[in-house]
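Written below as structure tokens is the structure these notes are about.
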């Protein structure tokens, strides 16, 4: 064909293109035959199916496959003839070479030429696969077959000339075309499949839902208008086929086909799941309940109706009298879902969606009930729009607005106030202005008009450009700390008033009783004047901070701001004036109140003003106590109530009526009242009162002898500087210590609540054994759906009890087997933990053998040693232990059954029956001890052990095996009859008499005929194994399982059964749910290369994990013996298993997917248990496995209830990438889809298409599933543009995939999480929390779940982080949810009410930078919109955390950045203002307040030390301490020492200790706490305090927040000194060195008059903080003190410091590049930020000013000229340095000699000057050191100011000098930090100690970590299998 067609292949290229081979990357485990179809460039995407078909039929017919490829090549050439698309030329070249090869290699097989060949193959394919298969094959198989048939026919038409296609082929093709749509690839429901229908399509609820949406009766028929030049036989107008209401809507509005198909399935599943819960009888199940659709309608449109009410516009959910209401309701629901499904980024704007729906619903109503357009009056057009018209006309214009605004963001560098984010644009639709957009939307409306003019960096004040910019809506996110005051003003006002009141009382009285003194009380009333000023500040901030939004505000809102300001100003003037006028006439407290009644006319003006001023507060207090009233008023849209509420709070769509019920209100109010009483009492008695007297004395003290130049020495200042220095740290502590009190109270209340929740009741194996009998009952009460709820508490009959235990055993065994597959236990431990799957043939309950360990040997000893003759006493002793009683009876009955069934001869069986009869009879008659000798039992037990051991051994030679069994069996029978039974010989005799046959004449022996085939049966083998374990296992089983993780899981599962959880519904009645995991490009499955790649110490990941988890590695070798045997044939499979083993211990996607798929396994097992008969349950697993009916139905129910979508954002790019890692990720994700058929992957596909001759990128949301070998596309929905460019990456990734999720609930899971089978089994219970009846009928919108941190065993740091995180996700969130009611969403395992959230903006917020912590904003949004969040601890999900110091710090920095951005956000402002006072306190101290307190803690140290510096340098401290009038110096110093710096760091440990105590016992908690302190946990937490403080503060001041990828690998590598320096230089080292200088100066200049013990008492905590900040990164760095590594680090650091920077040079390569990056935040900060930097830098000038007056050379001169001279010295030094640097540049190469002479002259000049100074001026050595301490900070200040004024200095050509100065400082800091490390590295024991410190956890597990770090590993990694 190719030769005859004359195209393409007849020409041969002159030279084979070498680049062609680069198209296919060599990836292990990749099937090369499929690769070409998956590497098609995006601009040629349409040829990929053709190449897939070619690969598919390659084996059947290579020639036809060649023709397909040729067709693909021709098509590619037509699509891109010039090969201009990305990668097209390489791909076409590759394909051409392959075709040239196949042209020669392939020949027609069925005919002589290609046209006939392909026709015959097509017919053959049709008859074999379609004609025969359509009624026997599954829908997914048929979908693939029809796809192949369609492609084959397309190829056939290009190969066979026109008119030469035979009739039969055409007939087949028409059949394929007609039925193709019935067999498309589907997601869950094959809706239109014929033939073999899956079980899910037979479910009555699915049928009913499908029937409901297919009801299109009475709907106007859409018509398609064809073009005028169409052929005559096609009518000009034809009816468009419509299958259901979604098709009908699509035909009118132009929704995409993929969107319609996706939402069709979505709606059917929603309806089916809701409806089935309302059905009792499934017999006559044909139609949906009307109530079902109404329920769904109400839920979906609750937000829309609220929006309509808020805007006072009429809802367009209209139903005409007599219409088909159900049909119309479904149309409205479908319309909303279709809009939402195609809205892309607009899904983050829920009220924008409301606006779109509002107008489209109006159109729908018009189409159905009137043909006139409501706006224009035109008739509705009947022409059907194209599939993309909705996207093009509605979504894209709004998307373009978003995109334009994001461009203003400048990649997160621009101020938030300069551009409008998602919230701003959404809030545009909160006002009636949105209706000015009209419908269809007027694209010339103000909303859509942009200006692309943006102010340049140098022209920031260009008012024209700014003026054109659209205003912010309702709120401006300005960068300032004032947001903290503005959002939480009530709290600050309360604390300031309380402080003022306490200070007045302490100052005037000294006792709290003084409050009742008339003068004191009058003064206390001045707190209201303070309040007035603070309210005035608040009103001023409201105006200033919202000014950029004024153009978008209503006049009423602006008026309110101005009136608030006026009123606040009025009170700020009136109250002070009225107070000053009435202060002449003070009154006591009693008279004060009595005068109100008796002589109110003569009352002072101030009291009247105060009464009026307090009226609003009194009203607020009354309303506070009536939450229902407040809620109703806030939510009301009545104009009169809106007017009343107008003053109290501005009318806003969100944040209305968030008040809790009265009971909840009282709970958190009492919590805070107790806390505030404690805090204020502590502040008064410990912080304020002790300082009052010393302060009074200091203020009266007159000081003349200043030690520096005092500017105000003549003025009586009352030593105000000293007072400020003393009080400032105390004031800061006062405002911060509420955080500490919160930590204490939350620990106490959280612990109490945890205890009441039954947490930790079963925490050890001993506790589990003692309560295991009640576990099956608890399991059935909690996890088995009850058929009769009233009988739950009654005692159960034996049959029910047995069924319960059987049900429990099935789940328990599945749990144990899952742990075996995860290698947490070995085969022996598995057998000890399993419950027999079939227990119907034993009369007692069969408990797991680990409970019965050593019970039989003990019973035997008891019987042997029993001296009495009374049976009852022996039986009573045995029966006293239930487990022993069960074990004895089970052993007896099982042994009887085994021997009886093993024997073939009837006479032998009679003997066994006789013996058993004798046993039973003697027990009944009480003569057992008389008829049986107990002394014979031990030898019998020994022979039984041997007998069972032989039965379990492998059969090598059958005759030998049989003879061994016979010998031992005969021994056993002899012992029984001769040694144990008194009358045993009679039984043998009777049997001989009864069985006297020919065989005994032939001298045959008894017990010779046995049936060994019995042993091969699985059930009997299980019995034998169990009996063997019961008889042989001794005390060692008490510690089964030894693996700590297995123990934790077993005890937690057992404990959770006794906790308060909702009862389980039936699987069919449970809520349906989805799990969504966002994934970018993290590890999916480690490759062989990654496993064996060694780090610099020679350690591979595999080797490391083998040593960290030695027991699990041995279990793995036992499970996969081929790995240990190293068989070459099994090597690929073994390697795959090893890769999985390692990946399941890392933080990989494969681990997450495996864990989430347990949900499906749990659902299938639950279905089988529910819908099977009792006999099936009692029969165990085998019954279910052998019954395909159960399996199919279980899978159908699981599909209906559970969906798992992984949003692999760049999966499409990875598929086509040439990067080996990307290809590996693609293949691993594909393998996951093939392994788990129900897993779905959503990704953003980027395609290049040529539009009007120009290449254009198009974007699609695509959903795929695993096919036979490759992925199969299910849905493809075009997007208006690149979605991830608009917002933050993770929320955008979630948002694009959320449309593919299903169900009523949605669990968000990160890709570093895990799940467990036993926890997955409880999912349906958790989902019932959504339906559980609560007070006020409120339903939660988010269910919070606890997490288990599984990375705690790697190192000490990982353990600290694990404990910290565990305490937060348990005790922390427990108290947040109840009683405080301020739990939000913190990411990961929380379960969302899916419909609630998809109609209110989704499961996260995505605006750039401001929503950096995207998860918590979902919680904020949910709360603001009337939802609430709960927390549940009876279920847990696994979670990985960062494990290395640098990773942890990056994570903490990211969270601190996020909290800084939250502080500026509108959500925090609204919650802070709209919560009641006590809930606002909870909110503050658990979110941004925690980070602000961390910052204040660090700030307190600065304020304290700078205060001390002022006092020491000025000489005031010496004067005060040595003054004879002060005897309270000790009291003064103790008061100053009240603040402890690292107290916040230590108090983080409190909740940890409580939670560990609760769940593991307080002895364990105490031990852990001590070990943590020994491992320097306090150092770690103090260091992280610095991280939080630095990044939080810098974010609010300058911005610069960004997502920090922390990396989730295993960290056992040594971080270089340079890496640590770059990471912590500005956040810790600079601050640490500053504090170090302060402490040194405080010690040196105060040593002469102060005892050293007093100094240490005050500063010990600060020295600790300095040490932590400077050296923690090195202490916690593996091999941080290894000498060789220290030398290497120094070399590396020097190289980095010396390298020059420039464009493209990475920060880790050059100091200059890093230095530039460190100042990046200053490039984009505003003028306020620069000024603040300069002002803060001025503190460094204090050192020089203070020290120069203390130099010996100053000769106690206090003149200002001394300071001036010091500046002369400073400037001279800088000038000399500048000359040297200029000389180096100018003369360094050409005039080397001149440069050397210059340096020599400078050196000689320096020596001369120093000599003169020493000899003449009296300079001393100590002066030199002091001068260094004086001038170093001054230089640093110049440097900081220079950085802030960078543009100015660049223009003045001074920037290079600043850079050189900075380099010098970096060298100095590096040396100071490096010297202690180098010195300690000399001593080998330091490195050993550090290793022990870091890896103590691993040591305790038998890990020789030092060997790992040194790289001395054995050659053979694989150790032999050992049983633990």
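Every residue, even glycine, has its Cβ placed from backbone N, Cα and C.
Positions annotated as domain '1,3-beta-glucan synthase component FKS1-like' by TrEMBL: 327-442.
Under the heading transmembrane segment, TrEMBL lists 527-549 (among others).
Residues 525-526, 528-529, 532-533, 535-536, 538-540, 542-543, 546, 604-606, 608-610, 613 of the same chain, all 6+ positions outside the transmembrane segment (561-579), place their C-beta atoms under 8 angstroms from a C-beta of that stretch. Annotation comment: TrEMBL describes 561-579 (among others) as transmembrane segment.
Sequence annotations record features per position, and here TrEMBL assigns transmembrane segment to 605-626 (among others). Long-range contacts of the transmembrane segment (605-626) within its own chain (CB-CB distance under 8 A, at least 6 residues past either end) are made by residues 525, 528, 532, 571, 574-575, 578-579, 581-582, 592, 596, 633, 648, 1476-1477.
What TrEMBL lists as transmembrane segment is 665-686 (among others).
TrEMBL lists 720-744 (among others) with the feature transmembrane segment.
Taken from TrEMBL, the feature transmembrane segment covers 1483-1505 (among others).
Residues or ranges marked as transmembrane segment in TrEMBL: 1654-1676 (among others).
Per TrEMBL, transmembrane segment is recorded for 1731-1748 (among others).
Summarising the annotation, TrEMBL assigns transmembrane segment to 1760-1780 (among others). With a cut-off of 8 Å between Cβ atoms, the residues of this chain six or more beyond the transmembrane segment (1760-1780) that come close are 709, 1744-1745, 1748-1749, 1754, 1798-1799, 1802, 1827, 1830-1831, 1834-1835, 1838, 1857, 1860-1861, 1864.
Taken from TrEMBL, the feature transmembrane segment applies to 1800-1819 (among others).
Residues annotated as transmembrane segment in TrEMBL: 1825-1845 (among others).
If you look up TrEMBL, you'll see 1865-1885 (among others) marked as transmembrane segment.
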>> If I take every residue in the domain '1,3-beta-glucan synthase component FKS1-like' (327-442) and average their pLDDT values, what number comes out?
In response: 87
> By DSSP, how many residues in the domain '1,3-beta-glucan synthase component FKS1-like' (327-442) are helix, how many strand, and how many coil?
Replying inline: 80 helix, 3 strand, 33 coil
> Would you call the transmembrane segment (1825-1845) and the transmembrane segment (1654-1676) in contact, using three or more Cβ pairs under 8 Å, pairs 6 or more apart in sequence?
Replying inline: no
> Same-chain Cβ contacts of the transmembrane segment (1483-1505) under 8 Å, 6 or more residues past its ends?
Replying inline: 484, 488, 491, 728-729, 732-733, 735-736, 738-739, 742, 1372, 1376, 1380, 1382, 1384, 1416, 1456, 1459-1460, 1462-1463, 1468, 1471-1472, 1475, 1536, 1539, 1541, 1543-1544, 1585-1586, 1588-1589, 1592-1593, 1631, 1635, 1638-1639, 1642, 1662, 1665
> Are there residues at least 6 beyond the ends of the transmembrane segment (1865-1885) whose Cβ is under 8 Å from a Cβ of it, and what are they?
Replying inline: 1617, 1621, 1625, 1629-1630, 1633, 1670-1671, 1674, 1680-1683, 1686, 1690, 1693, 1697, 1711, 1715, 1832, 1835-1836, 1839
